[in-house]
Amino acid sequence: MVKNVGSVVRWQVAKLALVQGMQAMSSAFFTCGVVFTGAASSDSLGLALVLMFKTLPTLVMAFLGGVLADRLPRKTLASGMLGGLAISYGVGTWVVQLSGLGWPVQAISLAAGIIGAVGSPALFALLPSIAPPEDIVRANGLIRTFRNAGSVVGPLLGAWLAQLISPSFLFLDGAVCLAVSMPLVLSLKLIPSCDDEANNNDDDASMISALRSIPSLFHTYIWLAVGVPFWALFLAVQSGATDVTMPLWVVQESGRGAWSLMASITSSGYICGSLIALKLERPRHMFSKSVLFGALAIMPIFVVGTLDIQVLWYVASFVAGLGLELSGVFWGSTMQTCVDKRHMGRVSSIDYAISFGLIPLAYGLYGFTGTIHAAVVLTVSSSIMIVLVIIVFPFCYLIDHRSNSSGIINSSDV
């Protein structure tokens, strides 16, 4: 992978990349199983509720997960998360056959969401503990590529297995992927000089102090007060339209294969974006570019809602994946380069919890709309996203422009 990294480090990074790829594939299996089950029974509300309960814990549990990742052995916490998710998916294999997407599956989805929200920070925090700082960017690129590859293979393999066996079998497939990942995590060898699992700053001593510090961080980093609310609204509309209304509409109108292909093509766009990101130096106007590339996610929502041309659906899906990946790179780079290391943990928790916090509510809202007026819902959603970009972009550009001389975006830049 990297010429100046020892074989031991390369193997550890490769194992972590494989784990994240398997986790992405298991998530794709779960989503395919839920979508196909909901489409077979025209249960848009059930689909929305299952997705909502799986993402609902993000807003609250992300803070707890970040604190635990700094205080407990990360390998143990991450492997425990994978095991808990495997059990949840395995139980779902049989429950979904009995109750469809009713309350038992929704309860399992909520449990999986809690487990994932608590354990994910530990899994993502393992990379700095196995790779030296000089190789962290390329190692992260390898991991993102594996994760995106899992998202490509998952929907295609899921559609084939659902057709060959049944949609409920996909839950078991996801459980197997997670179970295989557990021993890989436990076998990781941490580098002592890179293993920084303890953070004893007074500011991070408790959940209460972390929550109390949020207002001051928004004051210190004005761009955070612009970016986080924007992403919260933008991603809520994008996720509701893309994850609830659009898959049900596409499956009903064009079949499972069409939606699975769109999902895989979107993930292919993510892979291309991650490969492009490996070649990028630190660009100017990163905040503005994160918004512009994120706007490409509007394309499939608009195209599916207005045009019955599948080729254009696939092209738009690829563009959306490419744009979202590069947008994530630029937004993440903004945080990684413009936030004081003392604040990084709390800023990351704020971003993760709030930016994704409205998605469960969006799932519930879009679930109630059903598919009768799906084309209208998709068109209105894309229009809302366009308006959000038009409103926020001038502020992003102004903040970027004023920060170029210092390279730091803080409260003095507005």
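Yeah, the Cβs are placed from backbone N, Cα and C, and that goes for glycine too.
As given in TrEMBL:
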TRANSMEM  21-40  transmembrane segment
TRANSMEM  46-69  transmembrane segment
TRANSMEM  76-96  transmembrane segment
TRANSMEM  108-127  transmembrane segment
TRANSMEM  148-165  transmembrane segment
TRANSMEM  171-191  transmembrane segment
TRANSMEM  217-237  transmembrane segment
TRANSMEM  257-278  transmembrane segment
TRANSMEM  290-307  transmembrane segment
TRANSMEM  313-331  transmembrane segment
TRANSMEM  352-369  transmembrane segment
TRANSMEM  375-399  transmembrane segment
By Cβ distance under 8 Å, which residues at least 6 away from the ends of the transmembrane segment (375-399) in the same chain are close to it?
222-223, 226-227, 230, 233-234, 237-238, 240-241, 245-246, 249, 285, 287-288, 290-292, 294-295, 297-298, 301-302, 304-306, 366, 369, 409, 413-414
Is it true that the transmembrane segment (217-237) and the transmembrane segment (352-369) have 3 or more Cβ pairs under 8 Å, skipping pairs fewer than 6 apart in sequence?
yes
When only pairs 6 or more apart in sequence are counted, do the transmembrane segment (352-369) and the transmembrane segment (257-278) reach 3 or more Cβ pairs under 8 Å?
no
Selection from 76-96, 108-127, 171-191, 290-307, 313-331, the stretch that has most Cβ pairs under 8 A to the transmembrane segment (46-69):
108-127
For the transmembrane segment (290-307), what are the same-chain contacts with Cβ under 8 Å, counting residues 6+ beyond its ends?
227, 230-231, 234, 238, 241-242, 246, 249-250, 262, 266, 313, 316-317, 319-320, 322-324, 326-328, 330-331, 334, 374-379, 381-382, 385-386, 389, 392-393, 396
Residue list, the transmembrane segment (76-96) vs rest of chain: Cβ under 8 Å, 6 or more residues beyond ends.
19, 23, 26, 29-30, 33, 37, 68-69, 104-105, 108-109, 111-112, 115-116, 118-120, 122-123, 126, 167-169, 171-172, 174-176, 178-179, 181-182, 185-186
